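These came from TrEMBL, pasted as-is:
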type	residues	note
ACT_SITE	THR247	active site, nucleophile
BINDING	THR189, LYS215, THR247, GLU342, ASN485, SER490	substrate binding site
Amino acid sequence: MSRVFRRLSSTVTFKATPSKAHHHGRLPASSLPLGYQLTGVHAGVKKRAGVPDLAVILSTSEQPTSAAACFTRNAFKAAPVIVSEDVLMQNGGRARAIVINSGCANAVTGKQGMDDAWAMVKATDALLPPSKRDFRHETLVMSTGVIGQNLPISKILTGIEEQSEDRLSTRTLGSTFASWELAAKAFMTTDTFPKLRSRVFTIGGRKYRMAGMDKGAGMIHPDMGPARTSFSGFTGTGSGAKQLHATLLGCILTDAAISPRSLQSALTYAVDRSFNSISVDGDMSTNDTVILMANGAAAGAGAGQEVVEIDEKTDQEGYEVFKTELTEFAKDLAQLVVRDGEGATKFVTVTVKSAPSYKSAHSIASRISTSALVKTALYGEDANWGRILAATGSVPFLPTSSSPYASAPAIDPTRVSVTFVPADGSAPLPVLINGEPEKVDEARAKEILQEEEFEIEVEMGMGGGPETEAKYWTCDFSYEYVRINGDYRS
């Protein structure tokens, strides 16, 4: 006997998802890094004709190009992740090209998936100018889309080959903003706009540029680390509290000269505070990857001379400037993903202060950001702070000392405070102070939560300073999110 469930339309209020188009705009040509060529083309992975689904990025600098990446820690790492890890490890952190396809993740595809990923690498290697360095492969590969399906590899290889120098009628590689925009569009899936940012910065009096793009709107809660890293086991704190969560892909390119080890160190630090601090739906992908390249094209070396690369051991000051610039830039890119979350109507910053450590603050912020009860309350514009407290109290801590006699820190409910902070700079609204509920002005609370952007601040009262504060960026759960993911494959 079957049952038919009907939803009374009179009881459900659907809010329109706000347009996200204003987050995309033209980047100044002067802010685009030197020594890169990019394009995005329709290779035929996606069914809709003319939609870009293949991006190619080449470093054309005469200087050595350093490459670093952070990859998903998901146990089911996709073939492109494994292949890119191999290339980076074989080359000691050097690579000169990236190839990306959308429409198919090439994940959980067995031997055929690995063969296809390597075929993409080899085809893109053939586009690179000759190099003094004797590397077998110099291309990193990324894929995004549906899991468990094989790539239409012949179409992809044809698309790559059409970018060779002897194919002038089909070659579209370039260095203009239009080229960057095409590349960004080529690895969109359910994204509603191409996500591009750039900035200019100075190290030691010399001007450098950084530009990047990312994609992602669903399956977003990344936990990424350097090549060959995996879950370190549950620790109850920060990035150690692993959950199977996101497809997020990102590329950041700079014309600064950074040594491979320092490029990886800076990227790992930046990713922990940006891409590893966002959540749309609490689900990690098999393909999450962020790649960073530094080609030294603006480092000012004379003809035939090789640049001196910035390194954390030999130029600590220059390295720290680069790491800071990269971290802030990565935050900008990561937040674009949350703003474009599938069906999202809110962009919410979750800030946890005065925790026992940064990792514990990060873990609490993550738990709040992934709580379905919190996220549905955000969509309903309901200041239900009890759900925030419940999420906060569900995170276990481990001892902060390695001593066998050390005990884990414990939350004191009488010292915890929760505040809603408007983005417009108007007065914050405390709802809990030192464990005591405030008499909340519900009209004011509704006013704040009706805005598209605001902050939830949780003060733990556990004595930590600024170094124990962590931020997470999240969004709400809407009916539109369910609609998108209910028929994603079709």
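Here the Cβ of each residue, glycine as well, is placed from N, Cα and C on the backbone.
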Could you give the Cα-Cα distance between LYS215 (substrate binding site) and THR247 (active site, nucleophile), in whole Å?
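Counting only the Cα atoms, the answer is 8 Å.
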Which site among THR189, ASN485 has the most other CB atoms no more than 10 Å from its CB, taking these as binding-site residues?
THR189
To see if you understand the setup: which same-chain residues, six or more apart in sequence, place their Cβ under 8 Å from that of GLU342 (substrate binding site)?
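Residues satisfying the criterion: THR190, ALA217, GLY218, VAL280, ASP281, GLU480, TYR481, ILE484, ASN485.
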How many Å separate the Cα atoms of THR247 (active site, nucleophile) and THR189 (substrate binding site)?
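That separation, Cα to Cα, works out to 9 Å.
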I'd like the Cβ neighbour count for LYS215 (substrate binding site), meaning other Cβ atoms within 10 Å of its Cβ, all protein chains included.
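LYS215 (substrate binding site) is surrounded by 27 other Cβ atoms within 10 Å.
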